Each structure stands twice: as structure tokens, then as C-alpha cells.
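**Q** First the structure, which I've put down as C-alpha cells, then a few questions once you've had a look.
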Amino acid sequence: MLEVIFLGTGGIMPNRERNVPAIALRYKGEIILFDVGEGTMRQMSTAKLSPMKVEKIFITHFHGDHYLGLAALIQTMNLWNREKPLHIYGPKYTFRFIQNFLNSGFFRPGFDIHVHEIGEVRLKFGDYEIWSFKVEHGIPALGYVFKEKDKRGKFLPEKLAEYGLSEGPILGKLEKQGQIEWNGRIIRLEDVTGPRRKGVKVVYTGDTEPCERTRLFAENADLLIHEATYLRPEDRGDSYHTTVGEACEIAKKAKVKLLALFHRAFRYTYDEYMAKARELCDVPFVIPKDFDVLTFKSGRWEMRNLLEDWQ
């Protein structure tokens with residue numbers, strides 16, 4: 001099961017309704033952070049997410065609303081006597097900015113921090129991978145893909161019977177080794193299982209103007225979290241951002257299953273923004289609020305709000 005927890009959904013500056021960008025992915029007990037705007041530690045505390053379970057942080061770019069919460073997060077980890085290393089990934093200049101951050105006050109973390117300055121790469125971590133891709137924001141900036149590894153197909157009872165196999169350690173051996181010798185025959189895993197099942201794919205753009213690489217990397221994604229700062233092109237001015245209509249068009253071309261419109265400018269109310277999205281979007285979409293959670297189960301998304309759960 002995968003959970004996407006929206007800790008901050010607004011753009012540029014926080015207000016009473018929403019914090020600046022931070023997204024937590026919870027997968028098999030691990031928490032992966034994508035962007036850490038100011039106040040992320042408080043948002044995590046409200047969401048009952050432990051910073052000690054965060055091993056990797058992926059920063060899309062170094063505008064303040066996407067990374068200024070990093071210092072408080074690291075200091076909290078230090079106060080809680082963290083020992084595990086922390087890995088921070090980001091675009092060009094990541095090492096310089098993190099080093100400046102750590103040298104800006106009178107504290108030193110008592111755990112190792114590994115900084116990874118990356119371009120377009122494919123990083124493998126056990127049962128999932130993280131892909132990075134370049135986006136267009138006027139400064140070095142990356143989007144990220146979380147891709148769960150594909151899973152084997154389900155064991156087919158009729159095929160197991162055909163080969164004289166039954167539930168038990170022998171199936172575990174077959175799954176681990178890929179093939180076994182049984183009753184004088186070589187049996188491969190694919191001989192007794194159905195089609196492989198696609199792992200879940202989640203794409204987060206960070207800040208960007210519309211670009212072809214987003215469509216390419218978002219192809220057939222289960223969830224595309226695309227910035228849609230503005231409602232109208234004339235509101236955008238010269239900034240490198242995307243409108244709601246443009247984000248919906250990219251999602252349609254990429255054939256994503258669900259679009260999450262993200263990074264709403266503080267000038268728009270939720271109702272105003274939702275009305276425009278309903279007018280322009282002909283793909284399934286949501287407009288997450290702070291503390292909304294999207295849970296991927298049995299091939300579909302379910303959304304709830306953590307604060308409402310606890311009332």
C-alpha cells in the first residue's frame with residue numbers, strides 16, 4: 001500500500017488555509033519527502049509522521065517555499081538523537097545550499113548527511129525506484145517519479161495442479177529462484193503465474209512551466225501531481241509556472257489515471273479554483289488540501305483528510 005500525504009499544498013507563501021509545498025510518500029514503513037517548505041516539521045507533527053522514519057528527501061529546486069523547512073527538520077532529528085544517515089537529493093547547487101544551511105547556526109547534526117547533486121538519473125532502492133527529470137523553471141529544477149517495481153502475477157491454481165505443485169515452501173523457493181526442478185521437469189515462475197502486475201507510478205513536477213519532458217515521464221502514471229499555480233495565462237506574467245488548463249492538457253496527453261492540481265497561488269479561493277478546474281479539465285482530478293491523503297489500494301485511489309479522521 002502507498003500513501004501520498006499532502007503536508008503543504010499552496011504556492012509561494014503560507015497562509016492560514018495552507019502551507020507551502022511538502023509531500024510525504026509512505027511506503028512499507030518508510031517516509032520519503034518531496035520538498036520541505038517552511039513549517040514542514042510542524043505539518044509532520046500535526047500529521048503524526050515521525051521525522052525519524054525519513055531516510056530520503058528530494059528537493060525539486062531552491063526557491064524558498066520548497067526548501068526553507070529543511071533546517072528545522074534536521075534540527076529536530078538531531079534533538080531526537082538520530083543516528084541513521086539522511087540522504088538529500090536535488091539539482092545543481094544542492095551541495096552548496098545545504099552546506100550554507102548547516103553553517104548558518106550554532107548546531108551540528110550528530111548524524112551523517114549525504115548530499116546527492118543529480119541531473120536526470122534512475123535511482124534504485126529495493127522495491128522501488130526514483131527517477132528525476134529536468135523541468136523548466138528558469139533555474140536548475142527537477143521533477144521526480146516514484147516507480148514501484150512490477151510484481152509477479154498471481155499463482156494460477158490450474159497451473160499449479162498441472163505441474164503437481166501445492167502451497168508451501170516449494171512455491172517460496174520457486175518465487176525466490178525463478179525456476180526449480182520438480183518431478184524431473186524444469187518449472188519457471190512464469191509457467192504457473194498470471195501476467196505481471198504493474199507497480200504504482202507517482203509523478204511530482206515541482207515548479208515548472210509546461211514542458212514536453214513532464215508529459216514523457218508522466219506517461220500512464222497512476223498519479224500526476226502537477227503544479228498549477230495560476231488560473232489564467234495573464235495571471236502568470238513572466239514567471240515559469242503552469243495554469244490549471246495547461247496541467248489538465250498535459251495529464252490528458254500523458255494518459256494519467258489521476259491528476260492532482262498543486263501549488264495554488266494564495267490569491268485564489270478553493271471554490272474559485274475548483275470551479276475553473278471543473279470547467280477546463282476533462283481528466284479525473286483532485287485539488288488536495290493540506291493533510292489530504294491519497295491511498296492506492298487494489299488499483300485505485302481513495303482520498304481522505306487526516307484532520308477529519310481525528311475529529
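Yeah, the Cβs are placed from backbone N, Cα and C, and that goes for glycine too.
Sharing the record's features from Swiss-Prot:
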| type | residues | note |
| --- | --- | --- |
| ACT_SITE | D65 | active site, proton acceptor |
| BINDING | H61, H63, H137, D207 | Zn(2+) 1 binding site |
| BINDING | D65, H66, D207, H263 | Zn(2+) 2 binding site |
**Q** Around the Zn(2+) 2 site formed by D65, H66, D207, H263, list the extra residues of the same chain whose Cβ is within 8 Å of the site's Cβ centroid.
**A** G11, I12, V20, P21, D35, G37, T60, H61, H63, G206, E227
**Q** Measure from the CA atom of H263 (Zn(2+) 2 binding site) to the CA atom of H63 (Zn(2+) 1 binding site) and give the result in Å, rounded to a whole number.
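**A** It is 13 Å, counting Cα to Cα.
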**Q** With Cβ-Cβ distance below 8 Å and at least 6 positions apart along the chain, what are the contacts of H66 (Zn(2+) 2 binding site)? List them in sequence order.
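**A** Residues satisfying the criterion: V20, P21, D35, V36, G37, I59, T60, G206, D207.
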**Q** Could you measure between H61 (Zn(2+) 1 binding site) and H263 (Zn(2+) 2 binding site) for me? Cα positions, answer in whole angstrom.
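**A** Pair distance, Cα basis, whole Å: 14 Å.
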**Q** So how many other Cβ atoms are close to D207 (Zn(2+) 1 binding site), meaning within 10 Å of its Cβ?
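**A** For D207 (Zn(2+) 1 binding site), the 10 Å Cβ neighbour count is 28.
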**Q** Within 10 Å of the Cβ of H263 (Zn(2+) 2 binding site), how many other Cβ atoms are there?
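**A** The Cβ of H263 (Zn(2+) 2 binding site) has 27 Cβ neighbours within 10 Å.
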**Q** If one looks at the chain holding H137 (Zn(2+) 1 binding site), which residues at least 6 apart in sequence have a CB under 8 angstroms from its CB?
**A** H61, G206, D207, T208, E209, Y240
**Q** Restricting to the same chain and to sequence separations of six or more, state which residues have a Cβ under 8 Å from that of D65 (active site, proton acceptor).
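**A** Correct list: G11, I12, M13, V20, P21, G37, E38.
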